[in-house]
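*Asks:* My questions will all concern the structure given below.
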Amino acid sequence: MPPDLSYLTTPAAPWLSILFIGTTVLTAALLVRAVQRAGIGTTPWLLGIGLWLTLQAIVARTGFYQQLQALPPRIVLFGIGPTVLVILYLLLSRRGRELTSRLSPASLTGLSVVRVPVEIGLYALAGQYLVPELMTFAGRNFDILAGLTAPLVAYAYARGRLGRRGMVAWHLAALALLLNIVVLALLAAPTPLQQLAFEQPNVAVVRFPFVWLPVFIVPVVAFTHLVVLRRLLTHPYPRGLTT
């Protein structure tokens, strides 16, 4: 069954574009703040983030990602793929491990609050037929729960009211919620890999500014989970490094 692409180029409401741009800026700001609080120089991070977001905005606006029959999908190869490589470098390389080991788990946990405006935006996009309902909290996506609880978990851990096991459990659950929506989004996108939502496919994410969700916001959130889990599963932070 071919996907219905009637809304592929339909403009979204202006407030939704503003919401996703604002959420992207918030994600970048919270990440840079966590880096700064760890005593790590922020200039390379700011330059890297700025260049990446600019590049992805330009590529999306040219319609490059709207060539949907390519395999692997262009957004996976040129948008998501590079972020995965960066995350792997930060997690596996010696220099990357040195940097990420200094990041505060409380700060990284609090960053997940960005999932709240993202989920509100997805719900509104579904109402405009730019993503399927199954990608929202009215369907099969419950990622908003991680966003709502993130500030509470971060505060409790920083104040010593939540232990290591509780923190690990929350991050595992939040990572599972994130993986769920990532799989739904990939299977609902109108590519050769599509398996879901043919009547209302996921077309928003190949357009600006919504492209910033899969190529920046989601990878950053995944990065925070992986960094915290690796650290806490190997050895807990001294309490002085949790804020």
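Placement of Cβ uses the backbone N, Cα and C atoms for every residue, glycine included.
Where the annotation comes from TrEMBL, it is an automatic prediction and has not been curated.
TrEMBL lists these features:
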- 12-32: transmembrane segment (TRANSMEM)
- 44-63: transmembrane segment (TRANSMEM)
- 75-92: transmembrane segment (TRANSMEM)
- 169-189: transmembrane segment (TRANSMEM)
- 209-229: transmembrane segment (TRANSMEM)
*Asks:* Restricting to the same chain and to residues at least six past its boundaries, which positions have a Cβ under 8 Å from a Cβ of the transmembrane segment (75-92)?
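*Replies:* Residues packing against the transmembrane segment (75-92) from afar: 52, 56, 59, 64-65, 99-100, 186, 189, 205-206, 211, 214-216, 219, 222-223, 226-227, 230.
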*Asks:* So if I exclude everything within five residues of the ends of the transmembrane segment (44-63), which remaining residues of that chain have a CB under 8 angstroms from its CBs? That is, six or more out.
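*Replies:* That would be 24, 28, 31-32, 35, 78-79, 82, 206-209, 211-212, 215-216.
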